Amino acid sequence: GFPVPDPFIWDASFKTFYDDLDNQHKQLFQAILTQGNVGGATAGDNAYACLVAHFLFEEAAMQVAKYGGYGAHKAAHEEFLGKVKGGSADAAYCKDWLTQHIKTIDFKYKGKL
């Protein structure tokens with residue numbers, strides 16, 4: 001897989017070239033970084049809320065564009081949210097998942113939304 005940035009900060013290597021999505025990805029990096037540094041329910045709830053909001057926005061953009069990879073992409077989101085909600089996804093897992101997901105799964109929609 002791709003190396004996880006340390007410190008965990010979004011950089012241009014994560015660009016999808018959709019400003020709304022790139023800005024949301026930046027927010028996810030910040031939320032997961034905060035969760036890992038602070039811990040506790042509040043930081044975790046904030047990260048989860050950011051993930052849900054972003055996934056819904058991204059999935060809606062895929063549906064509007066009739067993007068062919070929508071079903072598999074949505075399933076990946078749901079699997080990840082299940083692990084986060086179930087408590088089996090620590091900060092290191094979340095950082096790695098987001099890094100790999102953006103650079104492999106999200107990059108497939110470049111130029112298609």
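Start at 1 and count along the chain as shown; that gives each residue its number.
Each Cβ is built from the backbone N, Cα and C atoms, and glycine gets one as well.
As recorded in Swiss-Prot, the features of this protein are as follows:
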- His25, His54, Glu58, Asp106: Fe cation 1 binding site (BINDING)
- Glu58, His73, His77, His101, Asp106: Fe cation 2 binding site (BINDING)
Check your understanding: Counting every protein chain present, what is the number of Cβ atoms, excluding its own, within 10 Å of the Cβ of His77 (Fe cation 2 binding site)?
Key -> 18
Review point. Can you tell me how far the Cα of His54 (Fe cation 1 binding site) sits from the Cα of His77 (Fe cation 2 binding site), in Å?
Key: 10
Check your understanding: With a radius of 8 angstroms around the mean position of the C-beta atoms of His25, His54, Glu58, Asp106, what other residues of the same chain does the Fe cation 1 site pick up?
Key -> Thr16, Leu21, Gln24, Leu28, Phe55, Phe57, Ile102
Point to revise | Distance, His77 (Fe cation 2 binding site) to Glu58 (Fe cation 1 binding site) (CA atoms, angstrom) | key: 10
Review point. Cα distance, His25 (Fe cation 1 binding site) to His101 (Fe cation 2 binding site), nearest Å?
Key: 11
Study note, to complete from the structure: Its Cβ having more other Cβ atoms within 10 Å than any other among the binding-site residues Glu58, Asp106, the winner is Glu58
Practice item. Could you state the whole-number distance in Å separating the C-alpha atoms of His25 (Fe cation 1 binding site) and His73 (Fe cation 2 binding site)? Key: 16
Check your understanding: For His73 (Fe cation 2 binding site), what residues in its own chain, 6 or more apart in sequence, show a Cβ-Cβ distance under 8 Å?
Key -> Glu58, Glu59, Met62, Tyr67, Ile105, Lys108, Tyr109
